[in-house]
Amino acid sequence: MGLWTRIVLLLAFMIIGRGEGKLVENFYSSSCPNVESIVQQAVSTKFSQTFTTIPATLRLFFHDCFVEGCDASIMIGSPNNDAEKDAPDNISLAGDGFDTVIKAKQAVEQACPGKVSCADILAIAARDVVVLAGGPSFNVELGRRDGLISQASLVAGNLPEPTFNLNQLNTIFAKNNLSQHDMIALSGAHTVGFSHCSRFSNRLYSFSSSSPVDPSLSSTYAQQLEAACPQNVDPSIAVDLDPVTPRTFDNVYYQNLVAGKGLLTSDQVLYTNPKSQPTIVDFANNPGDFNGAFTAAMRKLGRVGVKTGNDGQIRTDCTAFNS
């Protein structure tokens, strides 16, 4: 084999080995070595001001990755209210998630101007809020660049709805290379956070012609929800997704499902459907199994549709494309 042939083969192996959109844990080891500690400090400061930081940041990461990939396109503001964040499915995203990323980005820019993407900062912050709430830590893969497209019209049909059944959930997660096991693990993020009454009121007052209340709901839980969410309630009223330990990242969400205390249809169906029930029972009984599955699924989620290399840009302001 000639020298030139060996060089060509070596280059081919290097390209294959690198893979498309490959992320690495130590991406900023030389350009911004303290990025993770800087973000962690900013997230901790925000968390000390409001617990909503936890679920808001986690949900922001999820909603970002499922539309146009994990590229911080969710962060873009538009004077015409036609960016991703303005879509009906994203209107309810809490401002504390956006603020967490913006504050972290400002701190990172002071130390390493123009080096770290908003997409990577959001990914790091999503891990940090899980840890702050008592959940498992994991290494975050980095190297994302910020996307150049943010359109409200691209959101519809790309995020799971609270009324979804198991097949619908599996289909939308599979579009993002996530398995049923990943989907069930990521649903465990509902161990923190809240949902507005309008997202589940049909389960209390208009479930079916034969039963206004969803029979898969625990009767005592249904009564608690009716008290919290009477008909024609103020649309700003919200209820904890986990009624038992709403401020702790744990496996109690799955124990709630076994007890008929899943707030959304898309939560409770994970237990009532025999195809997913064994995983729910496993996670309810074995927190280590849930933690392992959740961290693996978060790393997979973080790879969805990433822009790397020369794609996209490193935004200086997370809310605006570089001019």
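Using the three backbone atoms N, Cα and C, a Cβ is placed for every residue, glycine included.
The record in TrEMBL lists a disulphide bond between CYS112 and one of CYS32, CYS197, CYS229, CYS318, namely CYS32. Listed in TrEMBL as the disulfide partner of CYS118, from the options CYS229, CYS318, is CYS318. Within 8 Å of the centroid defined by the CB atoms of ASP64, VAL67, GLY69, ASP71, SER73, GLU84, the record's Ca(2+) 1 site, lie the Cβ atoms of CYS65, PHE66, GLU68, CYS70, ALA72, ILE74, GLY147, ILE149, SER150, GLY305, excluding the listed residues themselves. Across the domain 'Plant heme peroxidase family profile' (22-322), the prediction's mean pLDDT works out to 97. Shown in sequence order, VAL192, VAL244, PRO246, ARG247, THR248, PHE249, ASN251, VAL252, TYR253, ASN256 are the same-chain residues outside THR191, ASP242, THR245, ASP250 whose Cβ sits within 8 Å of the Cβ centre of the Ca(2+) 2 site.
Checked against GLU84 (Ca(2+) 1 binding site), the recorded positions CYS32, THR191, ASP242, ASP250 differ in C-alpha distance, with THR191 being the nearest. Note: the CA-CA distance between HIS190 (heme b binding site) and ASP242 (Ca(2+) 2 binding site) rounds to 7 Å.
Around the Cβ of GLY69 (Ca(2+) 1 binding site), a 10 Å sphere holds 22 further Cβ atoms from the protein chains shown.
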